[in-house]
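TrEMBL has this to say about the protein:
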REGION    1-27  region 'Disordered'
TRANSMEM  39-63  transmembrane segment
DOMAIN    42-446  domain 'Amino acid transporter transmembrane'
TRANSMEM  69-94  transmembrane segment
TRANSMEM  119-140  transmembrane segment
TRANSMEM  167-188  transmembrane segment
TRANSMEM  200-221  transmembrane segment
TRANSMEM  241-260  transmembrane segment
TRANSMEM  280-299  transmembrane segment
TRANSMEM  329-348  transmembrane segment
TRANSMEM  368-386  transmembrane segment
TRANSMEM  392-415  transmembrane segment
TRANSMEM  427-452  transmembrane segment
Amino acid sequence: MTIGNIPPKKERKSRRTKPVDENAPLLPKRQEDAGFDEFNGASFTGAVFNLSTTIVGAGIMALPATMKVLGLILGVAMIIFMAFLTEASIELLLRFSKAGKSASYGGLMGDAFGKTGRILLQAAVLVNNIGVLIVYMIIIGDVLSGTSSSGAHHTGVLEGWFGEHWWNARAFVLLITTLFVFSPLACFKRIDSLSYTSALSVALAVVFLVITVGITIVKLINGSIAMPRLMPDVTDMTSFWKLFTTVPVLVTAFICHYNVHSIDNELEDSAQIKPVVRTALALCSTVYIMTSIFGFLLFGDATLDDVLANFDMDLGIPYSSLLNDAVRVSYAAHLMLVFPIVFFPLRLNLDGLLFPSARPFHQANMRFALLTIGLITTIFLGANFIPSIWDAFQFTGATAAVCLGFIFPASITLRDRHNIATKRDKILCIFMIVLAVFSNAVAIYSDAYALIKRNPSHSE
């Protein structure tokens, strides 16, 4: 099964009334055609949790730092604006998919730009998702086994509980996590099979939020929190350009486009997909806004790029160590459960690139197993041999993410092969492309400039 190989879908109201095209190539538009006759469609709640899990990943940890750059008022406004922009771009994808009878994002890109468009889409998903999953695994290793940066060692949860041993070393902990958590969850062939783990993942994100809010309220009551900055502190052109570096972080935080079609294809009633998208975006935006506000209130200008690193210190309240561990463990468990949701489209796209004309993915168990093992091994090795992925993540992940979220949907709309785009749609799409290209160019320039300043000896 591949994102690019799903054949055109006919308009349908329910899975049970769907006509079957015996000559349809490769993957059928519904999983029961491939041997899942007992599957009667995903529920609305399961679809919401799966999409929410796709959205809420590592990006949530960087959002409090965006408040440090933008200030609370502009920061919250940007989260809301990005949520509406994401909803608009997904609506365009769904509308053009219906017009072109495309059952996948890759099929839609192929409909608009041919084979080149489909390959570009698949390559962007590969770059984005592999980078994201390596980041997830690195963070899990940092949380459980600790990390060293700038000469300082940040103790991991297991190291803090049991002391330093061979069995809680980073490589061994990641190996056990990969074998007994990631691998079993990656073996499901339907994304709806992950709805329960997705619900648990969202619950764990809420646990992180509740603990953070509770700590902040206690510190507000005892008067140990200073008034946060409400607006950005712009004193020169450098600080002005720095504002744009928050855009890739915000874009990455809302990327879920590559899973929308997979979730839509498994819904019993396809008419529910738009409410599913709106509900998931509303849920995630609420979590994002509260995390950003209370995370920034709690740590102020000391907020780090990854706010999880701030929970490695005395919070100045009773049970500080216990609360620190609860925050870190809940977030690590959250990422473990997000992993298979992001892995699912990654495997589909790699299969589409390597085996574009092969038989349906679900009927080829050996191919399914080899791709799964190969990808998980690659991600595992990347997490162990790349000490820090954050700089690379900003260069590759944010660039691929902005293509998936805005540039590709806008390009499909401006191409308008089915003559359904309105003037408002085209104006919106031009705005999306300009914002995406300009802000990411500025962000990449700022990151490169910061790297050069950080390592002046390399430039001499």
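Along the chain as shown, the residues are counted starting at 1.
Placed from the backbone N, Cα and C atoms, the Cβ positions cover glycine too.
Where the annotation comes from TrEMBL, it is an automatic prediction and has not been curated.
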For the transmembrane segment (368-386), distant same-chain residues with Cβ under 8 A (at least six beyond the ends): 130, 133-134, 137-138, 141, 170-171, 174-175, 178, 182-183, 186-187, 189, 343, 346-347, 350-351, 354, 361-362, 392
Long-range environment of the transmembrane segment (329-348) - Cβ separation under 8 angstroms, sequence gap at least 6: 1-3, 50, 53-54, 56-58, 61, 125-126, 129-130, 132-133, 136-137, 139-140, 143-144, 157, 177, 181-182, 185-186, 188, 191, 194, 197-198, 200-201, 204-205, 207-208, 211, 258-259, 262, 308, 361, 368, 371-372, 375-376
Intrachain neighbours beyond the transmembrane segment (200-221), with Cβ under 8 angstroms and 6 or more residues off its ends: 49, 52-53, 56, 60, 283, 287, 290-291, 294-295, 297-298, 315-317, 323, 326-327, 330-331, 333-334, 337-338, 341
Residues from the same chain, set at least six apart from the ends of the transmembrane segment (39-63), whose C-beta lies under 8 A from its own: 14-16, 31-32, 79, 132, 135-136, 139, 190-192, 194-195, 198-199, 201-202, 205, 249-250, 252-256, 259-260, 263, 266-269, 272-273, 275-277, 279-281, 283-284, 287-288, 291-292, 295, 305-308, 331, 334-335, 337-338, 341-342
